[in-house]
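Here's the structure we're looking at; comments come further down.
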Amino acid sequence: MKREREAPSRAFSALRLAPFVYLLLIQTEPLEGVNITSPVRLIHGTVGKAALLSVQYSSTSSDKPVVKWQLKRDKPVTVVQSIGTEVIGTLRPDYRDRIRLFENGSLLLSDLQLADEGTYEVEISITDDTFTGEKTINLTVDVPISRPQVLVASTTVLELSEAFTLNCSHENGTKPSYTWLKDGKPLLNDSRMLLSPDQKVLTITRVLMEDDDLYSCVVENPISQGRSPPVKITVYRRSSLYIILSTGGIFLLVTLVTVCACWKPSKKSGKKRKLEKQNSMEYMDQSDDRLKPEADTLPRSGEQERKNPMALYILKDKDSPEPEENPASEPRSAAEPGPPGYSVSPAVPGRSPGLPIRSARRYPRSPARSPATGRTHSSPPRAPGSPGRSRSASRTLRTAGVHLIREQDEAGPVEISA
């Protein structure tokens, strides 16, 4: 009974192992496919230049391979697809005129751009082959580093200062890495030496005399390297002499500022005096200008007096006070004896005592010059500003005129008694 039961179970186990045996037989047969190799897995490219993504494949088939290059992104980008070296389809605009394929499947990408950086995958298949070969190559694209420089606020520093900063600067370059050198050797680790996260800035805290040296920086990226010229940092020791000189300089500076502050008000007062002097001069000039019309008017009146002396005499006579009575102008007394054979008529009542008595019989008068005209022409013109002299001259003219009239009256005709 036991033997009969074991026979069916063995047959069932053999049936279960049959597929695995078949698979083992298949694996032991030689496989036909494409084998791809590449001399490099990483290529560094420069912007504007070309990069060769080199591969080689091997196959038992003599047919042309189907080659496909892709740039791996979140969504793969097909760069080119071809049969042999003949491109299939249309290239993307950003790859047009920049792609070239070789018979071994290699890709030449010219005029590199920063956007070309990434991982490229190639697939090569042959229709007769069962399997397709694949290979990936990484491409980096960078800008060369320009010559760097070390920037410092000052090349001199005082010992035990708070901090001193050095900055490594350069204009061009991508993916830079910085290294600091002291006297041409890499900077040793020191608690006083602090580097920024990108190591571009070096800060020395609590400067010591041993920090007096040459400093430089090295900048590099995958395709280039640059080294800055060394910068000499001079550290001065603190001393009593330096402190004294510093104190003296501060004192002189404060004194200079004080003197300048005191000098400014004096300049303002000087300007004020000058302004007052100018105002006074302008006032005097204005006063002279006001007096000039009056001075010009007075001489004109003198000229008018010269042209019309009689009018001047009449005006002056009216304006001048009454002249004093001259005893010489009084008439001769009636009791005064006349010449023999003549009788004098008595004075007419009501006449002014100053007027001469005229006789009934008249004789022709002797010609006489006009006293006013002669006197007026002989008198000089009145000067401006001398009224007293003009009045005395008018009085003299009036007195002279009265005398002449009296003389003419006295010399006039008298009655002859029969």
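Using the three backbone atoms N, Cα and C, a Cβ is placed for every residue, glycine included.
Just one residue in Asn104, Asn167 has N-linked glycosylation site written against it in Swiss-Prot, and it is Asn167. It is 74 Å from the Cα atom of Cys217 (disulfide bond) to that of Ser280 (phosphoserine). Taken residue by residue with DSSP, Cys217 (disulfide bond) is part of a strand. According to DSSP, Cys168 (disulfide bond) is assigned to a strand segment.
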